Each structure stands twice: as structure tokens, then as C-alpha cells.
Amino acid sequence: MAFVVGLTGGIASGKTTIANMFAELGATIIDADIVARQVVTKGSPLFLKIVQHFGQQVLTTQGELNRAQLRQLIFANQVEKNWLNNLLHPAIRREMLIQLRQARGPYVLFVVPLLIENKLIEFCQRVLVIDVYPEVQLARALTRDRSNIATIRGIMASQVNRLTRLSYANDIIENNLPLAESLERLQMQVQQLHQYYLTLATQQE
């Protein structure tokens, strides 16, 4: 099995941006958000179950899953949220582990918002936390996702709090500033961590 670094952080912490920097250096990326889209592609078994359960209201005009609409629905209703999580989380976990077994490259970056909550941390040799203040998360998510503030607060409440997440961290990248102001520092940190992970991966072989 490859050397695995779990990359996690709350909503709008910059996980994808930083994961892409690692990818450019040669790390293999397995991203839970991408896998979550793959398992509900139009016509797939899970897609059909979701449409059957929630109805046409969760579809776009192109007949694909409207993830924003679905998110609004479930965060207002704990029963529906549990139903969807019980359907999706095992499927996402299975697919991520399949991709992990097939992974090639010096090491794997396991990009998972709910790494701790869904106990995927057990597959990681190291945990990298992208750390952001809650007020920064909220402001970014409001701008990026165009969701209402209640929905975003609901997402944040469903994730472990900042201090709990940090308690699991082996490595931390602080990402509170706008990208234009912090890009050079982030790239340097990623480069240093990449070299460190290469060394650890070699030692594991």
C-alpha cells in the first residue's frame, strides 16, 4: 500500500487549491469531493435512488443532480441528511479505498473534508490540516457557494471543530489570507512538505 497523507480542513479552507499544488509536484490525489460526484453520475444506481427519494426537485434542467439544491434540503432536515449520508458515505469510502489500492506514485494525498468524522484517518500515515478561522470559512463559503448563511453554518456544525481537527494534525498549513497575498508562502510550504513526504514514503518501502 502507498504512503498516505490525509489532507483535511473545514469548508472553504482551501483544500482543493493546496491539493492541486501537491498534484503539480507529482503527488497522487484521491479527492472525496470528486469521488462523491463520480458515485452519483447521471443514471448511476445511487443517482436513481436519490431521485426516487427526493423527486425531480433535486435535478438540474440537464437532468443531473443539483448538489446545491440537495444540500439546502438536507441541512434543513436531519432525517433526510442521515438518509443521504447513510447512502453516500459507504459508497464514497469504498470507491476511495479501491482508488487507493490502485494508486501509483511516490505517495497519495487523501483529500477528505470528513477525514476524522468518517474514520478514514485509519488509512493515513500522516495528517495535514489546512487551518482557517471559522469567520474566514464563513465569508469565503458565502462568496464561493452562494448558499445562504444558515446552510453554511449547518455544514460547519456537521464538521469537527477547529481545535479537535488540529489535535489530529501532524502537519498544519495556515490559510487565512487571500490567495493573492499568500500564494508564494503556500507554494514554499507545499514544496517543503512534498520533499518530507517523499522521504517518509521512501523509508516505508
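Cβ from N, Cα, C; glycine included.
According to Swiss-Prot, the protein carries these features:
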- Ala12, Ser13, Gly14, Lys15, Thr16, Thr17: ATP binding site (BINDING)
- 4-204: domain 'DPCK' (DOMAIN)
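Each residue in Gly9, Ile18, Ile130, Asn175 lies on the same chain as Ala12, Ser13, Gly14, Lys15, Thr16, Thr17 and has a C-beta within 8 Å of the C-beta centroid of that ATP site, without being one of the site residues. Spatially close to Gly14 (ATP binding site) yet at least six residues away along the chain are Ile130, Val132, Asn175, Leu179, judged by Cβ distances under 8 angstroms. All protein chains shown were included, and the count of other CB atoms within 10 Å of the CB of Ser13 (ATP binding site) stands at 27. For Thr17 (ATP binding site), applying a Cβ distance below 8 Å and a minimum sequence separation of six or more within one chain yields Leu179, Leu186. The most crowded of the binding-site residues listed here (Ala12, Lys15, Thr16) is Lys15, judged by how many other CB atoms sit within 10 Å of its own CB.
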